[in-house]
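Novice: In case it helps, Swiss-Prot gives these features for our protein:
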type	residues	note
MOTIF	15-25	motif ''HIGH' region'
BINDING	Cys146, Cys149, Cys159, Cys162	Zn(2+) binding site
MOTIF	332-336	motif ''KMSKS' region'
BINDING	Lys335	ATP binding site
Amino acid sequence: MSSVFRKILVTCALPYANGSIHIGHMLEHIQADIWVRYHRMRGHEVWFVSADDAHGTAIMLKAQDLEISPNKLIKNIRIEHQIDFSNFKISHDNYYSTHSLENLYLSRKIFTCLNEKGLIKEKKIFQLYDTVKKIFLPDRFIKGTCPICKSKNQYGDNCEICSATYEPTDLINPISVISGKKPILKNTKHLYFDLPSFTNMLKKWIHSGVLEESVIKKTEEWFKVGLKSWAISRDAPYFGFKIPNYPNKYFYVWLDAPIGYISAFKNLCFKSKKLNFNELWNQNSNYELYHFIGKDIIYFHTLFWPAILEAVSFRQPSGIFVHGHLTMNGLKLSKSRGALIKASDWIQYFDSDSLRYYYASKLSNKTHDIEINLEDFIQKINSDIVNKLVNLAARNASFINKYFNGYLSDKLSNIKLYKYFVNTSSSIEDFFENREFSFIVKESMRLLDVANQYINEKKPWKIKRTEENIRELQNICTMGINLFRIIMIFLKPIVPDLAIKTESFLISKLTWDGIKKPLLSHQINKFFPLYKRIDVEKMFEFMNICR
C-alpha cells in the first residue's frame, strides 16, 4: 500500500443518452479506469462514477422518431451503455442517469440556492425558432459558420475548431438541423446564471494546481473577452426537469448534467454503507475529486461548474484531467458528426485489452489528439503483447512445466537484474499518478527487451539436462517468470483480462507490494495461451463495417 492513504472520487463526462457508445467515449473511460485501477492496487479508497446525460431536445426527438416515450428510450440506452462499458472492463462503482430523483432534488435545490442569492436573472431574448417544426432550436440543432474563426458547419453553442463559445444567434448563416430550413428570431424569456460575478474567484482557482498548463491558457482566453451570463433554461417542448415557479421552462442540460456527478455519488451512498455524502462534498472535505473530460467541454468544467459549486458552498474539484479528441485519418470521431466506430462493433472483432493497451500506448496528460490507425494497432498488439510479453512467459514456463513439475526454483539466477526491475517501479508509479500511460508502455517494453535478451543470452534450450546443470536451468527460467510477473504487475491496470489469466497461470495475485517479493519455491500452472494473435484478415473485415 502507498504510504499515505487517500480517498478519491473519479468521474467521467456523461455520455449522451440518444445513441450508442463509440470508441471515442471509450478513450476517456479507459483513461480514467486505468488511473482508478492503479490507485486501487495501491490500497487507496477509490470510487468511480459516471452516468447517462439523459435530458434534452435531441432525446425527445429521437424518441418521437422511434415512436416510444423518452423514458423508454433512455432506459434502453442506459442498459446498452452499461453492457458496452462492462465489455471493456470499465470498473464504475455506479453508472447512473441524470433522469433520477436524486438529480431532480439536487438540481432544484441548487437552483433555489442560486436564485435566493440573486445569481439568477430573467432576460428577454430573441431565440432561433424553427417555423416548420414549431420549436425553439437548442444549440446542437443549429449549424452555421463560427463567428470567431469563420469555420463552417459548427454548432450553436461552441466551435469544435477554435473552442470558442457563443450564443446560437451569433452564428453566421444558421440552419436548423431538424428541418434544414433557415430559422427565424422569436422573442422569449430565459433564466441566466451570473457567471461574470465569479471572475476573480475563477481566475484564482484555475491557478491553484487543478489544471494542466495548456488548459489554463485556453481558459484564460475566455477571461480576455469577458465572461458572459449563462443561460440555464430551455422552452417547452423539452424532455427534462421543469423549473419550479417558471411555467413551460426546463433546466438546460448543462445545469443538471454536471450535477449528475453529485447525484451519481449520492445514489452510490444509498448503496454503500461506507460512504457519507456530506463528507465528500463539503468544502473542507479530505476526499480528492477528479473529473476526466474531453477538451471540447473545457469551458463548462473550468468556469461554469466551479462557479456553481462555489455559489452553493460545495467543494471544488482537486483536478480536471483533459484529453484530446480521437481521430482516424485526421478526422474527429464523433457521434454528433455521424463519424464513429461503435464499441459494440469493436468488441465483435477484437478483445477489450487490445483497445485499452493501444490507447494507453498513446495517452499522456496533455490535450493532444490521438490518432487511431488499424495497421499500427495490429502491429503493436502482436509485437508487444504476443511476441514480447506472452512469449517471455511461454518460453520459460515450458521448461518449468516439463522438467520441474511446475515448481519455480528457491533462488533467482541474477539478483542484481531483479532489483533493477524492482527499482523501476518508482518511475512507473510517477507515470501512473501523472497519467503518462504511454511512458508506462514504453518502459514496460524496454524491460521486456532486457528480460528477453537475458533469456537469449542464457539459452536455456541449450543447457544439457544433467544433474549438474538442471538446477541452473530452473534458476534461469524462474528468473524469466519473475521478470514477466513484474511487468504484468505494471500493466495490470491497463490489461485487466490478461492480468486475470496471468494470475491463474502463476497461481498468485498480481499486487503492487508483490513487486519486491519474487515467486520462489512456488508451483505454477501448466502454461496456456494467455493472448491470441490478431489476424490481419479480421482487420479487413472490421474496416468494411466501419465504412
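Glycine is no exception: its Cβ is also placed from the backbone N, Cα and C atoms.
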Novice: May I have the DSSP-based helix, strand and coil counts for the residues of the motif ''HIGH' region' (15-25)?
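Specialist: Counts, helix then strand then coil: 3 helix, 2 strand, 6 coil.
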Novice: Residues sitting near the motif ''HIGH' region' (15-25): Cβ under 8 Å, six or more positions beyond its termini, same chain?
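Specialist: Same-chain residues near the motif ''HIGH' region' (15-25) but 6 or more away: 50, 52-54, 56, 58-59, 62, 73-74, 77-78, 80-81, 84-85, 97, 325-326, 332-335, 340-344, 346, 355, 372.
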Novice: Counting across all protein chains shown, how many other Cβ atoms sit within 10 Å of the Cβ of Cys159 (Zn(2+) binding site)?
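Specialist: For Cys159 (Zn(2+) binding site), the 10 Å Cβ neighbour count is 20.
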Novice: So what sits near Cys149 (Zn(2+) binding site) in its own chain, CB-to-CB under 8 Å and at least six residues off in sequence?
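Specialist: In sequence order, Cys159, Ile161, Cys162, Ala164 meet the Cβ cut-off.
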Novice: Let me make sure I understand the structure: which of the binding-site residues listed (Cys146, Cys162) has the fewest other Cβ atoms within 10 A of its Cβ?
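Specialist: Lowest Cβ count within 10 Å among the binding-site residues (Cys146, Cys162) is Cys162.
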Novice: Averaged over the motif ''HIGH' region' (15-25), what pLDDT does the prediction give?
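Specialist: The answer is 95, the mean pLDDT of the model over that range.
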